[in-house]
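Undergrad: Questions regarding the structure given below will be posed in turn.
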């Protein structure tokens, strides 16, 4: 049957990408349908119970700046919060939280069920329908056809998923859930370029069988950080600690003894795993000189005894899993609640996507999450929001939301995917960004909220809070510039106490704050330096960073401006690169294959040299002259 209601946007999949995509589309006013094989697993944390970290926390803040759900759900479910790299530069400081799985899933479910313009329906999707080269809807397992002008596919690890434990394997999307075999086969029929990747998860341990007296405690930070601009510490549940143990030479010998039954080493697994989150057997094989690896025991929640041993993801046989776990200090009597496993799944070459995450071959079809070759909740959620928003923009025939590399980590992520592709699961790091001083956690809202508000992603209350913060920052920076001190105005002992030396000339608070050995708090101890208004910690942090890093930021802005012409210059859809004089055969082939949208994208394709970019620019200018 054909369902009687036609939707603007259909989202397939209810993981981190799918939930953000559906919420984004519905927030923008589009009639949206979220299809999932099981409503009970919406927003489920399939692997580790944590959100954020270096690079990933930056993505979460960007999501939040655009009205996304992940940061707020984390504030409602986080049972341990830490600020990483707190003593380092502002660019690499990041927030990470352990989340209660049950509370996190409940927070996402509540947002979904209370979101206007959003319908939920429980059915696996087995087919997509096309009208020529345009998407027109989907068909579910029981034959219901849902019509829509745009479809966002966020199938995660479910497309033709295969689970491995030792030499045993079976079809599945994750433990306990079926694979989307029919949909995977249908997408292959559409000739979309694809490959196989793999990821894995560790065995889970019953906390009642852990001897915590032998472990090192790792408490959260005090005061407790907050993840969302719409959140606060009062939202947080009870806070708990993580614990640290280590592998040892006995552990490593046990792991090696299972190599002959490892699906990774016996060729049973074809997919490539994540480089920066390798299985324990891969670590022992690659780093044979190391006698020990640190393992974090992370609580899964407040109402369960289950612990996640971060660092021993494995697909080794279950008897080896038991032995390796029990070889570690504090885990001698550990009971495993769930075995670790590896999962192989289909992904589609993201070089077949536009910067909007729409496929180049099928109009109105958008991909987000692990289907694009990424790994991680945060990477998936960020893509989901962007794809959901751009699906609405596509339906409305409006310009897509495109984020530049110097504007957002999400811009870096998408640009990397569509220009370089992936040969292993892609994870976000701060080192991937050329302009990371611009892309800090603390200024995500200043970079993105206005763009989100313009297209309806950001609500009125968040917009009001954003403007109050922005205006407070501007007022305080202006006040610092207009508050002056002379050597005669301050007592000599006060000058030495605050500045470490006597003032040699008149200076304002703005210039004084730029001194490397002086922070805002110390400066405010000067007589008459305190502002008349109460400023939040977030405003003070922004003010201090903007003042201290202004010189570096200005230099980066000059560099960005110098490249803007190249970055934004559009390439014609029908350009034939074999006719561009001077380009090598390799460059012509790659450009014709990948069809970059801008010269900037072309410049980042492997093998495209600066000389080739210069030839492209000449060709385009000649074309413009001929057109005139």
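The backbone N, Cα and C atoms fix where each Cβ goes, and this holds for glycine too.
Computed from a predicted structure; not experimentally measured.
Pasting the feature list from Swiss-Prot:
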- 13, 14, 15, 16, 17, 18: FAD binding site (BINDING)
- 273-287: NAD(+) binding site (BINDING)
Undergrad: Show, in sequence order, which residues other than 13, 14, 15, 16, 17, 18 on the same chain lie with their Cβ within 8 Å of the centre of the Cβ atoms of the FAD site.
TA: 11, 19, 20, 21, 36, 43, 154, 156, 369, 380, 384
Undergrad: So among 277, 279, 283, all listed as binding-site residues, which is physically nearest to residue 14 (FAD binding site)? Use the C-alpha atoms.
TA: 277
Undergrad: Given a separation of at least six residues and a C-beta threshold under 8 Å, show me what packs close to residue 15 (FAD binding site) in the same chain.
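TA: Listed in sequence order, they are 43, 44, 46, 154, 156, 369, 380.
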Undergrad: Please report the number of other Cβ atoms within 10 Å of the Cβ of residue 277 (NAD(+) binding site).
TA: 18
Undergrad: Same-chain residues six or more away whose CB lies under 8 A from the CB of residue 275 (NAD(+) binding site)?
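TA: Residue 275 (NAD(+) binding site) has long-range Cβ partners 424, 425, 427.
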Undergrad: Cβ distance under 8 Å to residue 13 (FAD binding site), same chain, sequence separation 6 or more: which residues?
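TA: Result: 35, 36, 153, 154, 155, 156, 158, 369.
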Undergrad: Which of the three DSSP-derived classes (helix, strand, coil) applies to residue 281 (NAD(+) binding site)?
TA: helix
Undergrad: Please state whether DSSP places residue 17 (FAD binding site) in a helix, a strand or coil.
TA: helix
Undergrad: State the Cα to Cα distance, in Å, between residue 283 (NAD(+) binding site) and residue 17 (FAD binding site), rounded to an integer.
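TA: Taking the Cα atoms only, residue 283 (NAD(+) binding site) lies 29 Å from residue 17 (FAD binding site).
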Undergrad: Would you mind ranking the binding-site residues 14, 18, 273 by how many other Cβ atoms sit within 10 Å of each Cβ and giving me the lowest?
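TA: The binding-site residues 14, 18, 273 were compared, and 273 has the fewest Cβ atoms within 10 Å.
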Undergrad: Least buried of the binding-site residues 279, 285, going by other Cβ atoms within 10 Å?
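TA: Among the binding-site residues 279, 285, the sparsest Cβ neighbourhood within 10 Å belongs to 285.
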Undergrad: Take the Cβ of residue 287 (NAD(+) binding site) and count every other Cβ within 10 Å, whichever protein chain it belongs to.
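TA: Its Cβ has 12 other Cβ atoms within 10 Å.
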Undergrad: Taking 16, 283 as the binding-site residues to compare, which has the smallest set of other Cβ atoms within 10 Å?
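TA: Lowest Cβ count within 10 Å among the binding-site residues (16, 283) is 283.
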